[in-house]
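Taken straight from TrEMBL:
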- 72-91: domain 'Helix-hairpin-helix DNA-binding motif class 1' (DOMAIN)
- 107-126: domain 'Helix-hairpin-helix DNA-binding motif class 1' (DOMAIN)
- 143-194: region 'Domain III' (REGION)
Amino acid sequence: MYQYICGELTQIHATFLVVEVGGIGYQIFCANPFRWQESLKQSIKVFLELVVREDSMMLYGFKDQAEKDLFLMLNKVSGIGPKSALSILALDDHQGLVNAIDQADAKYLMKFPGVGKKTAQQMILDLQGKLSLDQTENTKPTHDTDAIIEEVKQALLGLGYRVKEIDRILPQLKKEKFENSQAGLSFAFKLLIK
C-alpha cells in the first residue's frame, strides 16, 4: 500500500523510529533504528511495508528498496514472520545472509533468533538462487567507533539482550574498527553466541 514516507525523524527507540508527516507521528519498526541516528531532527526517506493482522497494523521501515526486497523475501519463508525477518536483517550484513543461503549453510542461518534447523533448511529451499548481491547494499560507512558501539548496544537491548551480556562483550567490541553499525552488530552477535 505504501512505498515510502518522507518526513522529519523525531524519535529513535530500541525497535522503531517516529517519523512526523503533516503533524502525525508514524511509528515505523526497523531492523536497527540507530543507523538513522545521524538524521535525527532532519528530513528522511524511509521505504515502507505495511503488515496488516487481525488485531494490528504495523509499518516496517528500510533504508533502501534492496533492504525492503530482502525483508519481503524472508517474510515469505514458512516459519519467518515480520519480526523474525527484521531480527535477521538487524543481526547480519546482507551479503553474509545471501552467501549463507546460496551456499546452503544452515548452521550459519541457525544463529538467528527463532531460526532452527527446519526453518534454516526452509530458507535455503525457498530462497537459494533468488537473492542477488545487489540486494545487499549497506548504508554509507560511519567511522565513528564510539557512535557505532552505542548503536550496537542500543540495538542489542532492543533485541532483548541483557545489559550484563552486552557489558561482557564491550571490551572486545571497542578493540575493533567497524565500517558501520551493521558490521558491529554482526560481530557482537558472534561474540554473544560463543
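Heads up, the Cβ atoms here are built off N, Cα and C, so glycines get one too.
Remember, predicted model here, so these are calculated numbers, not experimental data.
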(request) Would you kindly list the residues that approach the domain 'Helix-hairpin-helix DNA-binding motif class 1' (107-126) from elsewhere in its chain, counting only those six or more residues past its ends and only Cβ-Cβ distances under 8 Å? (result) 74, 76-80, 84, 87-88, 91-92, 96-97, 100-101, 159, 189-190, 193
(request) Quickly jot the same-chain residues contacting the domain 'Helix-hairpin-helix DNA-binding motif class 1' (72-91) by Cβ under 8 Å, restricted to those at least six beyond its ends, or write none. (result) 29-32, 49, 51, 58, 60, 97, 111-115, 118-119, 122-123, 126-127, 130-131, 155, 159, 185-186, 189
(request) List the helix, strand and coil residue totals of the domain 'Helix-hairpin-helix DNA-binding motif class 1' (107-126) as derived from DSSP. (result) 13 helix, 0 strand, 7 coil
(message) Per DSSP, what is the helix/strand/coil residue tally across the domain 'Helix-hairpin-helix DNA-binding motif class 1' (72-91)?
(response) 13 helix, 0 strand, 7 coil
(request) Using DSSP, break the region 'Domain III' (143-194) down into helix, strand and coil residues and give each count. (result) 39 helix, 0 strand, 13 coil
